[in-house]
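Annotated in TrEMBL:
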- 39-74: domain 'EF-hand' (DOMAIN)
- Asp52, Asp54, Ser56, Phe58, Glu63: Ca(2+) 1 binding site (BINDING)
- 78-109: domain 'EF-hand' (DOMAIN)
- Asp91, Asp93, Asp95, Lys97, Glu102: Ca(2+) 2 binding site (BINDING)
Amino acid sequence: MAMSSILNADDIKKALDAFAVADSFDYKKFFDMVGLKAKSSDDVKKVFTVLDADNSGFIEEEELKYVLKGFAKDGRDLTDKETKAFLRAADKDGDGKIGVEEFTCLVKE
């Protein structure tokens, strides 16, 4: 499933452009800019499945690094600092990965 079937392609481009510089990523602003925050929980879960590249049911740290590429192929990789901050914010149970419920809570924050 393409991210553009869930979210507006122009919104995705604007959000990616806004965080094109390394160490500028802010997940709260990003989710708001792409329109994900306003979407239903079902749509947020669809986005989660796109980002869960290995279909494990979790977004692990390695997948999180490439999260912007999940929104568009030309998205940049997150820096280690951004990846770790994102993981810390979402990983409520401390297992080192983000489950679908954790992701949904993070988006709706």
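Backbone N, Cα and C define each Cβ position, glycine as well.
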Cβ contacts under 8 Å made by the domain 'EF-hand' (78-109) with residues that lie 6+ beyond its boundaries:
22-23, 25, 27-28, 31, 36-37, 41, 44-45, 47-48, 51, 57-61, 64-68
10 Å Cβ neighbour count around Asp91 (Ca(2+) 2 binding site)?
19
In Å, rounded, how far does the Cα of Ser56 (Ca(2+) 1 binding site) sit from the Cα of Glu102 (Ca(2+) 2 binding site)?
15
Length of the line joining the Cα atoms of Asp52 (Ca(2+) 1 binding site) and Asp91 (Ca(2+) 2 binding site), in Å:
15
What are the DSSP helix/strand/coil residue counts across the domain 'EF-hand' (39-74)?
21 helix, 3 strand, 12 coil
Please list, for the domain 'EF-hand' (78-109), how many residues fall into helix, strand and coil according to DSSP.
20 helix, 3 strand, 9 coil
Cβ neighbours within the same chain of Phe58 (Ca(2+) 1 binding site) - under 8 Å, at least six residues apart:
Asp52, Lys97, Ile98, Gly99
Using C-alpha atoms only, work out the spacing between Asp91 (Ca(2+) 2 binding site) and Glu63 (Ca(2+) 1 binding site) and round it to an integer in Å.
14
Rounded to the nearest angstrom, how far is the Cα of Glu63 (Ca(2+) 1 binding site) from the Cα of Asp93 (Ca(2+) 2 binding site)?
18
Rounded Cα separation (Å) that holds between Glu63 (Ca(2+) 1 binding site) and Asp95 (Ca(2+) 2 binding site):
15
